[in-house]
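Asks: Before I ask anything, here is the structure I am working with.
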Amino acid sequence: MARARGSPCPPLPPGRMSWPHGALLFLWLFSPPLGAGGGGVAVTAAAGGGSPPATSCPAACSCSNQASRVICTRRELAEVPASIPVNTRYLNLQENSIQVIRTDTFKHLRHLEILQLSKNLVRKIEVGAFNGLPSLNTLELFDNRLTTVPTQAFEYLSKLRELWLRNNPIESIPSYAFNRVPSLRRLDLGELKRLEYISEAAFEGLVNLRYLNLGMCNLKDIPNLTALVRLEELELSGNRLDLIRPGSFQGLTSLRKLWLMHAQVATIERNAFDDLKSLEELNLSHNNLMSLPHDLFTPLHRLERVHLNHNPWHCNCDVLWLSWWLKETVPSNTTCCARCHAPAGLKGRYIGELDQSHFTCYAPVIVEPPTDLNVTEGMAAELKCRTGTSMTSVNWLTPNGTLMTHGSYRVRISVLHDGTL
């Protein structure tokens with residue numbers, strides 16, 4: 001037996017059934033009582049009114065894939081459209097005139113994965129602007145007018161993997177600028193041409209970062225990157241680095257690719273790359289390098305490709321080791337990558353083609369020998385040994401016959417990168 005109960009309504013013509021908008025319909029289906037050998041099942045059906053979620057495409061946009069892809073580019077929009085469909089996964093708002101991203105602008109877009117806001121006039125992102133975006137994977141904000149990193153706006157973006165802030169007039173990167181998005185894998189900070197300051201703790205918390213772009217940021221020194229323990233690719237091209245010191249890449253033991261093209265590098269000190277145990281590709285092209293410290297690449301056991309072209313290499317005895325290294329280590333990739341700029345007799349020759357017969361080499365001369373030093377036991381002491389060329393490797397022999405080189409350590413005794421004991 002079936003019985004319907006609802007709001008009173010006029011009799012219906014035969015064969016039709018309806019109920020007023022907003023009314024409820026309850027339907028019970030009974031089988032024989034349990035005692036009669038059957039089981040009982042109750043089914044309740046409810047029908048109610050209310051506005052359905054927004055699924056229509058905004059007038060200023062074009063939509064596809066059942067409104068999951070929404071494209072609103074080049075529409076001269078001053079604000080984000082208010083009626084973006086709730087099932088949107090990809091939203092492109094590039095090349096408009098949006099200046100402010102307001103709080104809760106996207107709060108109903110729970111399925112949104114990619115948000116493109118690049119090439120606008122965005123100067124301010126309010127706290128909570130990206131609330132309600134638990135699925136967001138990629139956020140693009142490049143080519144805008146941001147002067148600060150909108151740190152607090154990144155709250156709750158628990159799945160964010162890629163953040164693009166390239167080419168904004170950002171002046172500084174403060175401490176813990178990205179610690180609200182530890183899930184980040186790729187961070188693009190390239191072309192921050194007004195950047196003046198990067199905090200020592202700017203990248204703290206980015207334990208999952210794999211790619212970092214700091215190219216064309218007018219950097220004069222390499223910032224502290226020790227927190228980026230999983231970093232695999234680092235772009236530093238187009239800066240004004242001039243000198244690369246030991247410790248510049250401390251902690252980057254997972255780094256596989258390092259790009260330093262057009263970075264005005266003139267000097268790389270001995271042991272500057274010792275921390276890069278996983279490095280596979282190194283690009284030093286288009287710099288001001290005339291020579292490299294002896295055995296600079298020896299600790300880089302995984303290095304497969306090194307780009308040395310377009311440097312003013314001075315082909316004297318200081319690059320002889322490099323010629324040997326190129327021929328023995330990766331001859332198919334690098335013997336043609338570097339040409340001599342001087343002396344005139346070797347100009348244009350590939351370094352990898354040269355051998356000892358092309359040079360007249362002399363033994364290094366110690367210009368500042370160690371001196372006698374008296375100190376109290378337990379105090380620190382340094383013994384210096386200076387040679388006529390920075391390319392010379394200095395080794396020490398202890399009284400008990402132990403050979404000490406840079407990187408070795410014996411009971412409170414160590415050799416520094418410049419040969420000091």
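Cβ coordinates come from backbone N, Cα and C, glycine included.
Per TrEMBL, the features are:
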type	residues	note
SIGNAL	1-35	signal peptide
DOMAIN	56-90	domain 'LRRNT'
DOMAIN	311-362	domain 'LRRCT'
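I would like each feature placed in context: is it buried or exposed, what are its neighbours, and how far apart are things?
Replies: Taking DSSP states H, G and I as helix and E and B as strand, the domain 'LRRNT' (56-90) has 0 helix, 7 strand, 28 coil.
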Asks: Using Cβ atoms and a strict cutoff of less than 8 Å, what residues sit near the domain 'LRRNT' (56-90) while being 6 or more residues removed from its termini?
Replies: 96-99, 101, 105-106, 108-114, 135
Asks: Give the residue counts of the domain 'LRRCT' (311-362) per reduced DSSP state, in the order helix, strand, coil.
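Replies: Residue counts for the domain 'LRRCT' (311-362) by secondary structure: 26 helix, 7 strand, 19 coil.
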Asks: Across the whole of the domain 'LRRNT' (56-90), what does the mean pLDDT come to? Round it, please.
Replies: 94
